[in-house]
């Protein structure tokens, strides 16, 4: 009889609290969620990252090549687009958490994504017009200018359509994947912590395929084919995601007000009651931080009676969101460093000896594969060795806190900038020694492998800081706002890209006055990327100090998972 009871116990506990299946029925743990469902979701994310990096990793090459932009202008355009692509998830997350739900938002955003990639491919098919042998050079020049203008308009329209698609896709798909693990179940709670590591591992594998295959196709075979393949891969990824529908767990939305309304009301009432004495609030009920928000607990007559007042839970939700602001701000310098890997690092590598054998060269953008190699190497080491060892000492599911992980990643990124500056100094010295200062089209006789350390350190930094930010912002947001949490992490990278673009523009203007060569001159042998890298290293050190100060005073909303 006891054996029968033991056998039936899992059945009694098999339902997952707060989740339904795709038909709105109670969902059972044994037939839903977990790694099975997460695999379908990871598949569509790998496809999306393959498509995104198929565009972004080589975008600066396309802009300075077929579209004819200068290095500084192209870098600014790449940073502006990257910034938009990583800020638009705030809009996508708002729509998902308030109206559509994550599943529907992923499907709609993926369709927009595929449309943008299709139009991008179309823009690359526009024929180029040459003046060789033309009977009327003036008419040909006019037609060339008109065609190029049309191509540029269609290209950037398509590019920003991709950004809008990513804006809906990116914050929802990761949050939806993490939703497949029950944080209240001891086994699934540990699996959720590993999920963020293996999520990024899978993404790195997709990016690696892009950098090894797609960049070569774009530079050596056809830009049309190089843009068409991401569109096809994204369509296949969407199909795989839909096939997993029957296994997914869908979080139940209660009958409560929108979390945006609840949190907004806390701030409004706190401002309205700012002149009211807070003596009516029990001191044991209020946390040490942001005590001014406790006034939202008071009615206009200084009482805590029910009515036009907020509950303690609502006030704590608002505080949880507000506590994230200092961490967000102090990570921006890290995001500026993150933006360089697909822009200036690529241009730096394009001037160096990239030959493998006679007649075969590595595309400059493919050098970013060393970031992916680094991620693929360090994530298993971190998840299978570092975390269990740290867990044995700290007792925390993640081994160390997410804030400690992020801070370590920021420190590594500062070291990467120091290495990048030293390598660039060596490259400039080599160019001078061989009389190549005024020969920008001649390859500098310095092997491109010199760039491997800075790329590898950036990959290690991603393993620590990026994955840490993903888990931190997902975990620390209220349950109903977890898509917004992922979007907030992405917005760090977005604002960082805009800051990078702004910084480059200002430095370009200041250092290029009176006809002088700026730090970002088109002739990189006369430019000074090394000065820029030293500046970023110094700013990173400052940012790290501010981050440590903010992190030490942070109060976790869910200590058990952090």
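The backbone N, Cα and C atoms fix where each Cβ goes, and this holds for glycine too.
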Candidate ranges 57-74, 129-146, 147-164, 165-182; TrEMBL annotation transmembrane segment resolves to 147-164
As TrEMBL has it, transmembrane segment corresponds, among 198-217, 258-277, to residues 198-217
Residues outside the transmembrane segment (198-217) whose C-beta sits under 8 Å from one of its C-beta atoms, at least 6 past its ends, are 42, 45-47, 49-50, 53-54, 57-58, 174, 177, 225-226, 229-230, 363, 365-366, 368-369, 371-373, 375-376, 379-380, 383, 459, 462-463, 466-467, 470
*asked:* Any contact between the transmembrane segment (223-243) and the transmembrane segment (107-127)? By contact I mean 3+ C-beta pairs closer than 8 Å, pairs at least 6 apart along the chain.
replied: yes
- Message: At a Cβ cut-off of 8 Å, and with pairs 6 or more apart in sequence only, do we get at least 3 pairs between the transmembrane segment (403-423) and the transmembrane segment (531-549), yes or no?
- Response: yes
